[in-house]
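Working notes for the structure below.
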Amino acid sequence: MAGYRADEEYDYLFKLVLIGDSGVGKSNLLSRFTKNEFNLESKSTIGVEFATKTTKVEGKVVKAQIWDTAGQERYRAITSAYYRGAVGALLIYDVTRHATFENAARWLRELRGHTDPNIVVMLIGNKCDLRHLVAVKTEEAKAFAERESLYFMETSALDATNVENAFTEVLTQIHKIVSKRSVDGGGESADLPGKGETINVKEDGSVLKRMGCCSN
């Protein structure tokens, strides 16, 4: 996937949010995707931070603005502003801690309570490099994703497994929604956003599911 300088022209700006319990690896997934870095000593995020990455998606230059927030309960008052304008989300759990997977349903309810119903959501089972400690079976996560019409992948921010694939898939699905609206509207629709505006995914139909997991 080709990279682009932050100051280059882009066709779309998509806001993505990372959600899930504290310690599941949200910040390291973000730094792995945007900077190809991993910090073994990363501390829990305090408040909100975001990073951007500009990349090519189906021939268009897309700038992803990716927001990361603390998973701790005491920081959840920020949710309304955090979710506002988001068109994609990565719902992340730790494959070695079943409780983080159990809490995914609550995070999903919160997300859907603050965003458009057709937001593109990818369920992420992170830390799949720790195969000997796995507490959440892939089949269990797939079943949840199917019930909730989510995409699904297992990732490792540590060794970069599926990190690029996961973010790119979410951006690709958002772009497909925007492209479909443009075609259905007879070309350049007046309600399609310009540079720097938020993409609204309101008019999309059912979300298809794509499964992915760590290779053995």
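Every residue, even glycine, has its Cβ placed from backbone N, Cα and C.
Marked as GTP binding site by Swiss-Prot: 20-27, 68-72, 126-129, 156-157. The annotation S-geranylgeranyl cysteine is assigned in Swiss-Prot to C213, C214 on the grounds of similarity to another entry. Swiss-Prot lists 42-50 with the feature motif 'Effector region'.
Between the binding-site residues G23, T69, the minimum number of other C-beta atoms within 10 Å of a residue's C-beta occurs at G23. Along the motif 'Effector region' (42-50), the predicted structure has mean pLDDT 66. Summarising the environment of K26 (GTP binding site), the number of other Cβ atoms within 10 Å of its Cβ, over all protein chains shown, is 28. Secondary structure at C128 (GTP binding site), taken from DSSP and collapsed to helix, strand or coil, is coil. In three-state terms derived from DSSP, K26 (GTP binding site) belongs to a helical segment. Taking all protein chains in view, 25 other C-beta atoms sit within 10 angstroms of the C-beta of C128 (GTP binding site).
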